[in-house]
């Protein structure tokens, strides 16, 4: 491909003062037009490679099935990514509720010191570390510990943790496509999934969802937005869901004029107004790519059409998302911005567990404001890209996610500018059109995830913030 400038994203050209966004168009006719109603300018895409959507995890409503409780005592749980943010918060919940939950297996990366502390505290039967070289270090850290677990390294170790015979629910807290194979193994073993790994659905939805249906596995969302939707659809009658409304904080630049975006630095993007999160997700909040990816997740989880999934800016992050029913009623889930609540609900569902207000502050609505505004498609072109990729389906959604992950990595490393993130993602998706797999296998999903990262890495900044391929 020759060096390319995306002229349709006009605000990327610093020489222009008019910031109207023309309809985006990928080369070769990958275009969409807008409708004017709703909180976002929803898009209709015309693309020859449009796949039939896989069966949703929760088709617009949620009911517990009688007889699913097959264990005695505390629910047995495996955790993939135990030393990460989701994993440590999960273990905090287990420690606070030993009569409700117990840990049977843990998979971690290379933080052996923390993993050893977790093993001593929760006494799992099986643990996994990133590679074989860490086994001796872990054994040394556990010297003298009586309840020494079995230790299996690498990807196979994660898979064994995921399908441990005693586990009922598997928490998938690992980032990226590395979490896809263990999730598939857990589903094939009949384990319910507490899903905190976005790639499982965004990249793997066309493969994972039919598999979950085949094995009668429940996929329970552990992120705040989809947990909110899941909570709102409890008990809804069939066909009652009309619209999904995803709330977004707006990120670090929600109040910054569009013309100032070309000047922002990495440190600016990492100043989230509400949440304390990792670097990648904080940048995703600034670009609103996190919300675009959540639109795709909502489609796969709940079966809503893309025209019926909307985004609204809610600066306070108190309402985590909403659903509208056919009679125009709007149901919302509210709470402090605290990831522990959605994680807890994936473990306790369909039950509600009492939480002490000492460690779980209660919401006082008299002390908070609730405001909303329409998101700006010029400031956040990620929304258009996500809707287009979602409608294309197949491997395009995984390519979008992987390209964004690589672009954010390059931005954090100061190899590209903030506005180049959007260009890198669009160029990568455009290149993928010619070889997109409509109904991909697991191997194709993993292959194109890596392809997208490699291709995105070839897009470099050149004069005038216009990317060029090398």
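Just so it is clear, glycine is given a Cβ too, placed from its N, Cα and C backbone atoms.
Using a 10 Å Cβ-Cβ cutoff, residue 109 (NADPH binding site) registers 21 neighbours. In the three-state DSSP reading, residue 109 (NADPH binding site) counts as coil. Residues or ranges marked as NADPH binding site in Swiss-Prot: 83, 84, 85, 86, 109, 111, 197, 199, 278.
Annotation source Swiss-Prot lists 1-deoxy-D-xylulose 5-phosphate binding site at 198, 224, 225, 249, 272, 285, 290, 291, 294, citing similarity to another entry. A 10 Å cutoff on Cβ-Cβ distances gives residue 225 (1-deoxy-D-xylulose 5-phosphate binding site) a total of 25 other Cβ atoms nearby, all chains included.
Proximity of residue 223 (Mn(2+) binding site) to non-local residues of its own chain (separation of 6 or more, Cβ distance below 8 Å) is seen for 195, 196, 198, 294, 297, 339, 342, given in sequence order. Mapped onto three states, the DSSP output places residue 223 (Mn(2+) binding site) in coil. Marked as Mn(2+) binding site by Swiss-Prot on the basis of similarity to another entry: 223, 225, 294.
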- Measure from the Cα of residue 109 (NADPH binding site) to the Cα of every one of the binding-site residues 225, 272, 290, then give the nearest. 290
- Based on Cβ atoms within 10 Å, give me the single least packed residue among the binding-site residues 85, 290. 85
- Message: Of 83, 85, 278, which is closest to residue 272 (1-deoxy-D-xylulose 5-phosphate binding site) if I measure between C-alpha atoms? They're all binding-site residues.
- Response: 278
- For the Mn(2+) site built from 223, 225, 294, further residues of that chain with CB within 8 A of the site's CB center: 221, 224, 226, 227, 246, 290, 291, 297, 298, 321
- Item | Those residues of the chain, 6+ apart, with a Cβ under 8 Å from that of residue 278 (NADPH binding site) | 85
- So how many other Cβ atoms are close to residue 83 (NADPH binding site), meaning within 10 Å of its Cβ? 22
- Query: When neighbour density is defined as the number of other C-beta atoms within 10 angstroms of a residue's C-beta, which of the binding-site residues 197, 198, 272 has the lowest density?
  - Reply: 272
